[in-house]
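Participant: Residues annotated as active site, proton donor in Swiss-Prot: Y207. The active site, lowers pKa of active site Tyr annotation in Swiss-Prot covers K211. Taken from Swiss-Prot, the feature NADP(+) binding site covers V46, I47, K171, Y207, K211, T242.
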Amino acid sequence: MAQPELDLSKAPAHWGMNFTETTHQQPSRRIDPSNVTFPQGYTVVVIGAGKGIGEHIAKAYVQARAENIVITSRTGSDLDRVKKELETLAQQTGQAVKVSTLVQDATKPESYTKLKDLLEEGFNGRLDTLVFCAGGGPVGTLWTPHIDETDVDEWNESIALNFTGSYYAAKYLVPLMLRPQSHGKTIVNITSAASHFTGGNITPASYSIGKLALNRFTQILGENYADQGLVVVAVHPGSSPTPGALGSMPPSLHNILTDDQGLCGAVCVWISKEKRDWISGRYICATWDMDDLESKKEEIVKEDKLKWRMAV
C-alpha cells in the first residue's frame, strides 16, 4: 500500500504540535546548551546514544559542561566514535569530561544491572540525569495496517525497544537517583508524536502503542516519586533525518524530517538545568518555544494539561 505524505501543519489540535505560539526547528539562543554550566561532578546517562538523537543529546550535555557522561548502544563501534567526538568537543571548550561507554541491549534487564554497577564503581553511584533514548521505527511487516499480517517477533521487539526498556531503566537506576549525592533527579524519556496516531498506514501500531505506553509510564513515575523530588518528562524530539528515521520510514514520509538533530538535546539540557517539577509527568515537544511553554506554567498545572486522558 502506498504511504500518504504527512503534513504536520494540519495536525489535529489534540496532537499539541502548536501548543506554543512559536515553534522552532533548531535550538534557539535561549536554550543554547553552551550557555549552561552544570555543577561539579554532574553525571548523565544517555541510553541509546550510538547515533541520531541520542548522540546529539550526549553532545548537548558536554556543551553544558556536564563532567561525567555515560553512553550506551548495541554497537560498540558507534560508541567508540561518539566517545571520541564528545572528548574532542570538550577539549574545544577547554573542559574536562569523563566519557564511559557500555555496549548493551536496551530490551534486556541484565543490561541495566551492568549499567548500575558501572555507575556504582565509576561514579560513586551518582546519577543526576537519565535520558532514555533507546527506540526505533518499526521495519518489516509492522508497516501494514492489518494486524493479522504482522510478525509476532517484530511486534514484541518494537514494544520492548520503545517502552519496556524504560521500565528496566527506572527499576534499576531510580534508586541511584534518589541518593543524596545525586542532585539532578531528572529523567527524560524520548517519546514521539506518533503516540497520537492511530492510522496504521502512517505510523505502525506497535510504534504508536510503545510510545503511548512510555508517555503514561512517564506520568506514573512523575506522580509516584514526586515526594522524593524526581522529575520525569516525556519529550517528542521533533522530526529529524536521523539514520533510524531514514532507514525505517517510507520515502513518502521523509518530507516531515526537517528538524535539527540537536534540537532535542538542547531541550533536555533546558529541562535538567533547574528544577522543573511543573512539567513532571507530562509530555512536551522539543519544537515548542520553551519561553512560551514556561509562560503557560500556571495554566498547565491548574488545568493539568499535557497528559493523556479519555475525552467524554
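Every residue gets a Cβ built from N, Cα and C, even glycine.
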Participant: Hey, which of the recorded positions K171, K211 is the loneliest by Cβ count within 10 Å?
Facilitator: K171
Participant: Out of V46, I47, K171, the binding-site residues in the record, which is closest to the residue listed as 'active site, proton donor' when you go by Cα distance?
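Facilitator: For the residue listed as 'active site, proton donor', the closest Cα among V46, I47, K171 is found at I47.
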Participant: Using the alpha carbons only, what distance in Å do you get between V46 (NADP(+) binding site) and K211 (active site, lowers pKa of active site Tyr) once rounded?
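Facilitator: That separation, Cα to Cα, works out to 18 Å.
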Participant: Far apart in sequence but close in space: which same-chain residues, 6 or more away, have a Cβ under 8 Å from I47 (NADP(+) binding site)?
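Facilitator: The answer is G54, T72, Q104, A106, L115, L130, V131, F132, C133, A134, G165, A169.
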Participant: Could you round the CA separation between the residue listed as 'active site, lowers pKa of active site Tyr' and K171 (NADP(+) binding site) to a whole angstrom and send it over?
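Facilitator: About 18 Å separate the Cα atoms of these two residues.
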Participant: Have a look around V46 (NADP(+) binding site) and count the other CB atoms within 10 A of its CB, chains all included.
Facilitator: 31
Participant: So for Y207 (active site, proton donor), how many other CB atoms are inside 10 Å of its CB?
Facilitator: 25
Participant: According to DSSP, folded down to helix, strand and coil, what is the residue listed as 'active site, lowers pKa of active site Tyr'?
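Facilitator: In the DSSP reduction, the residue listed as 'active site, lowers pKa of active site Tyr' maps to helix.
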